[in-house]
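Positions annotated as transmembrane segment by TrEMBL: A:12-35, A:47-65, A:71-99, A:111-137, A:215-236, A:293-312.
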């Protein structure tokens, strides 16, 4: 057992960071929407799924069948990034418009909004399984779709016995760059100030001239775009997707958001990386089939001692 | 007339909060709205700033009907509200809170910021402290300062004395007077009727969602009914 630990600790850490980066990107969307609307956007996992298929669409359309290198690879990654962010961000904005805004305008209860969210989630899954996947990708809608390898698994350097590969570096660097960008937008831009004000006191925000509808739209756009980045990186790293690919991942990302303190952007990052690492470390002892169990045990234990998560709730502490 | 509120009716669900409130505020005035808890004072302010939808009636500002203008656009017209109690942004610093007041404004606002710090030296001392960690009185000052940063033509003040020690109340009222003397019209909602009437030029008395009296504030201070109901009888003049 101790042998396992010393042999596998560093490799698990690398894998855990890559998984955690994707959890964190996805957790941002849950946490931002919760911060502004106090709504669990259950359909966020489908926004991620749309992001994976947008990247797959780029690979198929560009005729990628094997690994690329150099500028071709960078260009392809950037193209996937842009298309996935646009598709997922756009889908998130549309989702808000169709599934949440009408309820909000009528002053419906949060339970109604949650049910609408679950409905939207199922609708999007089925819409992809029955319509989009067969029509666009010419595949059976409910089968797992393999993704051609884009990045060679070359070892760039090693830390102890852990191989750090090109794909790991791309995932972790891209995720961190996107998080820094989001953090800057939320903390430095005018719209970001509007988002933070709305999260802290919506009525006072209106009295300052903040247009809440715009803030909500922008929140879904940013959260959706981050889910798009997550989808693109996921497709590149794990080389697979399907109509319900977001389901388990979405629940884990939500867990990460709660773990860090829901509504808190930096909490989502912390929660994401923590969850990725804990899952992979735990798997050393119990085997990787226990990953999901480990993740949720951790959640329960943390919440028993810190009900508001590691960093505490709410966007209001985003800078604290 | 700067602000005209004409026969407004407002409902919370099926319950009427206001049925037919009419009032006017002219430029340069301090007008007080007094009345018991639940009389509709706060609802009246929130309807003027657009936070509550009108069922009937009209709100006019500088002669224009603004009944259909959404709340976030009324700020730019010159209606600034300091909300009741702790309507500050707790996770922003004092300075960030004040700059939120200038959210919809273009151009340089550093002159206004300096002016707010001049009126509230306490806020200047606490510039980089988080709003949520300030005392009740300081938070009250912050909501007023933040409303001033919207550059209002009329400042709607909702219970500025609520929960404050008597000394602080006197201080806040002095500041309201100073703000008015600097040229801002004030519509003040207060439960602390005695002090409000001493400060205001005119006042309206609200009871269960309607105006029951309106007069120069000094008249109301000596009105037997008002004294019995809101000024604690004879003790009120002590």
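Note: Cβ is positioned from N, Cα and C throughout, glycine not excepted.
Contact between the transmembrane segment (A:47-65) and the transmembrane segment (A:111-137) is present: at least three CB pairs lie under 8 Å, with pairs separated by 6 or more positions in sequence. Long-range contacts of the transmembrane segment (A:71-99) within the same chain: residues 29, 41, 43-44, 46-48, 50-55, 57-59, 62, 64, 116-117, 119-120, 124, 150-151, 170, 174, 216-217, 220-225, 227-229, 231-232, 235-236, each at least 6 residues beyond the stretch ends and with a Cβ under 8 Å from a Cβ of the stretch.
Sequence-remote contacts of a segment are chain residues at least 6 beyond its ends whose Cβ falls under 8 Å from one of its Cβ atoms, and for the transmembrane segment (A:215-236) they are 21-22, 25-26, 28-30, 32-33, 35-37, 41, 44, 47-56, 59, 77, 80-81, 84-93, 95-97, 101, 104, 147, 150-151, 167, 170-171, 174-175, 178, 182, 185-186, 191, 194-195, 198, 205, 245, 249, 253. Beyond the ends of the transmembrane segment (A:293-312), by six or more residues, the same chain brings 252, 255, 258-262, 264, 266-267, 270-271, 274-275, 278-279, 282-283, 286 to within a C-beta distance below 8 angstroms of the stretch.
Note on the transmembrane segment (A:111-137): residues 37, 39-43, 45-46, 49-50, 53, 56-57, 60, 91, 95, 98-100, 103-104, 145, 243-244, 247 of its chain, located 6 or more positions outside it, place their CB under 8 angstroms from a CB of the stretch.
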